[in-house]
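Since the structure comes first, as structure tokens, the remarks are kept for the end.
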Amino acid sequence: MVKSMVVLAQIPLVALFPLCICYQTDESTSSASLSPQFYDNSCPNAQAIVQSYVAKAYSNDPRMAASILRLHFHDCFVNGCDASVLLDSSGTMESEKRSNANRDSARGFEVIDEIKSALENECPETVSCADLLALVARDSIVICGGPSWEVNLGRRDAREASLSGSMENIPSPESTLQTIVNMFNLQGLDLTDLVALLGSHTIGNSRCIGFRQRLYNHTGNNDRDQTLNQDYASMLQQGCPISGNDQNLFNLDYVTPTKFDNYYFKNLVNFRGLLSSDEILFTQSSETMEMVKFYAENEEAFFEQFAKSIVKMGNISPLTGTDGEIRRICRRVNHDV
């Protein structure tokens with residue numbers, strides 16, 4: 001108890017976490033085996049501890065908010081929300097960190113390690129790494145000015161990772177709209193969820209390699225993507241040449257890059273979406289185009305739907321009861337600790 005209260009006292013949470021509206025989510029999006037009150041008796045300070053460490057990480061590196069949010073997405077899309085994305089390679093198990101979607105871009109694992117260590121000091125072998133990812137996702141969005149919601153808790157941790165699942169189930173920056181729709185549908189997420197959840201690209205970065213093809217060889221004919229604003233494209237080319245500088249970072253939302261708001265959608269309407277997989281929401285489907293325009297004009301509607309959709313995503317195939325385990329260290333299954 002003393003250790004966690006010391007941690008909380010060190011972080012000016014009121015200054016870092018702005019006042020926000022906590023959105024209620026539909027009962028239909030909730031898993032019967034998960035509950036926001038899951039740790040109320042077994043680890044009552046768990047959520048406050050997580051929030052304090054997210055605030056610390058954000059204060060040290062504002063990019064970290066998007067990075068640890070992304071871990072939750074990449075976890076849930078591979079065999080459900082079971083913290084498999086956090087496992088390092090061990091023996092015959094290959095880490096999901098080696099997949100195209102995660103290699104050289106997934107980050108924030110040290111932050112997760114630090115939070116987990118604090119939780120273990122407070123409540124040993126109680127709070128799962130899967131729940132930790134769900135909590136840091138919420139807190140990362142709130143600290144950037146976005147919506148809040150009650151996080152369903154009670155997930156347990158996988159004992160296996162799936163490199164093949166990570167290779168196959170996570171959209172790439174060059175994925176077609178139909179491919180993205182299929183990947184979301186596979187997880188039980190519909191078109192409304194897809195558009196709202198991609199709105200999380202209002203924070204974070206992409207590497208030059210993730211959108212270079214749009215600038216120089218979009219259709220294989222040494223051409224520029226015509227759905228990309230030409231002035232914006234010229235600006236991007238200055239830091240993303242036709243070869244080299246693969247790891248150069250660019251803001252997904254160049255207007256308000258560290259604020260969780262609806263500028264992602266406003267940018268799409270102005271043909272200034274950084275990734276092809278984002279801009280196609282406005283250019284390749286009348287249905288998604290109307291949603292993009294609606295959210296561009298109505299931030300509150302976006303926030304409300306985002307909260308519903310991320311709760312729905314967080315309920316994908318959780319391990320509960322006696323399935324899985326509560327890892328002591330998020331990088332390793334317990335028999336390897």
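Backbone N, Cα and C atoms are what each Cβ position is placed from, and that goes for glycine too.
What TrEMBL records for this protein:
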{"type": "SIGNAL", "residues": "1-16", "note": "signal peptide"}
{"type": "DOMAIN", "residues": "33-334", "note": "domain 'Plant heme peroxidase family profile'"}
{"type": "DISULFID", "residues": "C43-C123", "note": "disulfide bond"}
{"type": "ACT_SITE", "residues": "H74", "note": "active site, proton acceptor"}
{"type": "DISULFID", "residues": "C76-C81", "note": "disulfide bond"}
{"type": "DISULFID", "residues": "C129-C330", "note": "disulfide bond"}
{"type": "BINDING", "residues": "P171", "note": "substrate binding site"}
{"type": "BINDING", "residues": "H201", "note": "heme b binding site"}
{"type": "BINDING", "residues": "T202, D253, T256, D261", "note": "Ca(2+) 2 binding site"}
{"type": "DISULFID", "residues": "C208-C240", "note": "disulfide bond"}
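Taking the C-alpha atom of D253 (Ca(2+) 2 binding site) as reference, the shortest distance to any of the recorded positions C81, C129, P171, H201, C240 belongs to H201. Taking the mean position of the Cβ atoms of T202, D253, T256, D261 as the Ca(2+) 2 site, the remaining residues of that chain whose Cβ falls within 8 Å of it are I203, V255, P257, K259, F260, N262, Y263, Y264. For C129 (disulfide bond), other Cβ atoms within 10 Å of its Cβ number 29.
Sorted by the number of other CB atoms within 10 A, the binding-site residues D253, D261 start with D261, the lowest.
Confidence in the domain 'Plant heme peroxidase family profile' (33-334), given as mean pLDDT, stands at 97. Cβ neighbours within 10 Å of C81 (disulfide bond), excluding its own Cβ and spanning all shown chains: 30. Distance between Cα atoms for C330 (disulfide bond) and the residue listed as 'active site, proton acceptor': 15 Å, as a whole number. Less than 8 angstroms from the CB of C43 (disulfide bond) sit L119, E122, C123, T126, V127, each of them six or more residues away in the same chain. Counted over every protein chain shown, other Cβ atoms within 10 Å are most numerous around C76 among the disulfide-bonded residues C76, C123, C240, C330. Recorded residues C81 (disulfide bond) and C240 (disulfide bond) have their alpha carbons 34 Å apart, per Cα-Cα distance.
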